[in-house]
Amino acid sequence: QVRNDLTGVLYGEDIEISDTESFSNDPCTSVKKLKGNDVRIILGQFDEEMAVKVFCCAYDEEMYGSKYQWIIPGWYENLWWESWINSSQCLSKNLLAAMEGYIGVDFEPLSTKMLKTISGRTPQQYEKEYNAKRADGQSSKFHGYAYDGIWVIAKTLQRAMKYLNATNKHQKIEDFNYTNHRLGKIFLDAMNETNFFGVTGQVVFRNGERMGTIKFTQFQERKEVKVGEYNAVADTLEIINNSIRFQGLEPPKDKTIIQEELRKISLPLYSILSALTILGMIMASAFLFFNIKNRNQKLIKMSSPYMNNLIILGGMLSYASIFLFGLDGSFVSKKTFETLCTVRTWILTVGYTTAFGAMFAKTWRVHAIFKNVKMKKKIIKDQKLLVIVGGMLLIDLCILICWQVVDPLRRTVEKYNMEPDPAGRDISIRPILEHCENTHMTIWLGIVYAYKGLLMLFGCFLAWETRNVSIPALNDSKYIGMSVYNVGIMCIIGAAVSFLTRDQPNVQFCIVALVIIFCSTITLCLVFVPKLITLRTNPDAATQNRRFQFTQNQKKEDSKTSTSVTSVNQASTSRLEGLQSENHRLRMKITELDKDLEEVTMQLQDTPEKTTYIKQNHYQDLNDILSIRNFTDNKDGEKAILKNHLDQNPPAQWGTSDPSRTSKDPIEDINSPEHIQRRLSLQLPILHHAYLPSIGGVDASCASPCVSPSASPRHRHVPSSFRVMVSGL
């Protein structure tokens, strides 16, 4: 009945009862259920024997200490646990540890106020007189209520007699019997009007119940200490100052308080990585300044300065995405965070494609010129490369726009298991973490990764195909391969570790930021540092073929074409197959001319009386030899251009002589031994000097040892810087 009444009162005061357990012998099962239901404040109704068992079970289940509060009856005898400790299976210290801090609730046997009661005595005087009269007799804690009860009866009878005398003089109190309802109602009304101060406090009845004073005691250090009292008449609770001792920093909670805590990125970590990012952007700006300032240098021209600018722009966009990856709910609002989810994805994707797309476009041009031997002569300008990079970016934009329209990124909150409060408070921390996700996140990421992977494979293919191109200013295949390798490895490792550290935002952000910084920095350094070093040390070496040098005429033609592709296109005008065929034809032609020359020599020696002339078709054959312009090294597959110009005036025919002398005695002068020797000494070296440089016999710029430099005017004007030695035909 007490429990039912208490339950009704608690519900009336809007107090929730989480669980109610009953037991007859073993309370441990009920204690376990209370703990499972996260009950923190326990109201117990049991006697001393069962109280010992309950606290033993509470100790075993760790339901004591700063998180729990036990409230039990306070009418137990003094040192009640010592009488029943032997009947339990727990140690005395364990029992006392579980009992520490419990609150006992009992009525106040005597008032603590030093006021005179209806009897003229104070409660303290009454207690002293009572103890003196009972001597060593057994006492009851209800003796004060019995004393005040007698006074209630006396006051009720007195009030009833006054009422009867005033209303009905024929009926007296002596006429009372238990069947007289009229007198019973008079007595009940008189008792309800009772209101005086007795030894137990203010004596008042409401609805037939005595309204008294409730005292609260707390078990502290193996004894019960009064900590407060509740006056039911005045409905006031009085707590003795600093008397209640809670085992924690604050009173226990009625249940586990779950406090959600956003796991955010550490501000010092964000500051450090932002500083590194700023340094990377400063480095990229320095490379941009270097590229623009030296754009007219041959080394930079041949490396496509516009494409270099796009590579730098892509790196700077990748750097900028780091700032956005570090902004979470601790810096921005929920709506702004959702917007950042989309913006940072777009910036990183476009930056990656811009940087590597420009790099691969440059390599494609070199591949198209040097590897596609069937391609006709044409100029591949930077505008076409920009179109290629724009096409790559267009694919990116199509994917990102579809992603944004069909399944946009949203802010999602992931909740993790509860953790104890690091500060020791009686609360549990539930970590929450913000993510940028959507319904089909795996599919969209797979599409992006597949496209980027194909782009990387295409770049690797181009780098491998152009690995033997021997002009350093044009061929970045080695550095592209190194960039792709480093970026690929770092991205794979970064993606895997980032996925495994989803619940640790600091670690995840640190890994993502370092991967972006490393990939962007290593790519920019591999592209620009070698150019910077070469430009400082030997700018001409990087623009020249490793086996051949450009001729002066080719240099003039280079100035008429676009800056970055002219030299490459001029070098590709003669293809390998045509050169091999032309080389074979010229070999045969030289062999025939050697035979004709031998015949002429024999005729000059055997028939001195005849004047010998070179046939006009032989002279034309010599012109064909002298007009050879393109040769190739068959061993290395490398190409060079050799241009030799004939004089505008054709050489005189062999055997011509001074008319002044022939008019005198032509036959004698022409056939004389002196004239024959002179003709041979002049004509044979000239012929050999004309075609031997074409097959690698002598340097085209040197004079014949038999002829003075003035005899070979077409070789005298060639500068030494454009001398070409072609061998191996």
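Sequential numbering from 1, following the chain as shown.
Cβ atoms are placed via backbone N, Cα and C, with glycine included.
TrEMBL entries are annotated by machine, without manual review.
Per TrEMBL, the feature compositional bias 'Polar residues' maps to 561-575 (among others).
The compositional bias 'Polar residues' feature in TrEMBL is assigned to 650-660 (among others).
For 269-551, the entry in TrEMBL reads domain 'G-protein coupled receptors family 3 profile'.
According to TrEMBL, the feature region 'Disordered' maps to 551-581 (among others).
Annotation comment: TrEMBL describes 646-671 (among others) as region 'Disordered'.
The annotation transmembrane segment is assigned in TrEMBL to 267-290 (among others). Beyond its flanks by at least six residues, the transmembrane segment (267-290) meets 308-309, 312, 315-316, 319-320, 322-323, 326, 506, 509-510, 513-514, 517, 520-521, 524, 528, 532 of its own chain at Cβ-Cβ distances under 8 Å.
Per TrEMBL, transmembrane segment is recorded for 310-331 (among others).
According to TrEMBL, the transmembrane segment annotation covers 343-364 (among others). Long-range contacts of the transmembrane segment (343-364) within the same chain, counting only residues at least 6 positions beyond its ends with a Cβ under 8 Å from a Cβ of the stretch, are 303-304, 307-308, 310-311, 313-318, 320-321, 324-325, 385, 388-389, 392-393, 396, 400, 409, 436, 448, 452, 455-456, 458-459, 462-463, 466, 476-477, 480, 483-484, 487, 516, 520, 523, 527.
Long-range contacts of the transmembrane segment (385-406) within its own chain (CB-CB distance under 8 A, at least 6 residues past either end) are made by residues 304, 306-307, 310, 342, 345-346, 349-350, 353-354, 357-358, 361-362, 364-365, 444, 447-448, 451, 455. Feature annotation from TrEMBL assigns transmembrane segment to 385-406 (among others).
According to TrEMBL, the transmembrane segment annotation covers 443-464 (among others). If you look at the transmembrane segment (443-464), the same-chain residues 6 or more away from its ends with a CB under 8 A from one of its CBs are 349, 352-353, 356-357, 359-360, 363-364, 367, 392, 395-396, 399, 403, 407, 476-478, 480-481, 484, 487-488.
Residues or ranges marked as transmembrane segment by TrEMBL: 484-500 (among others). Residues of the same chain lying 6 or more positions beyond the ends of the transmembrane segment (484-500) and with a Cβ under 8 Å from any Cβ of it are 356, 456, 459-460, 463, 508, 511-512, 514-515, 518-519, 522-523.
Sequence-distant contacts of the transmembrane segment (506-529) (same chain, at least 6 residues past either end, Cβ-Cβ under 8 Å): 265-266, 269-270, 273, 276-277, 280, 283-284, 287, 290-291, 308, 311-312, 315, 318-319, 321-322, 325-326, 348, 355-356, 359, 476, 479, 482-483, 486-487, 490-491, 493-494, 497-498. Residues or ranges marked as transmembrane segment in TrEMBL: 506-529 (among others).
Mean per-residue pLDDT, taken over the domain 'G-protein coupled receptors family 3 profile' (269-551), amounts to 81.
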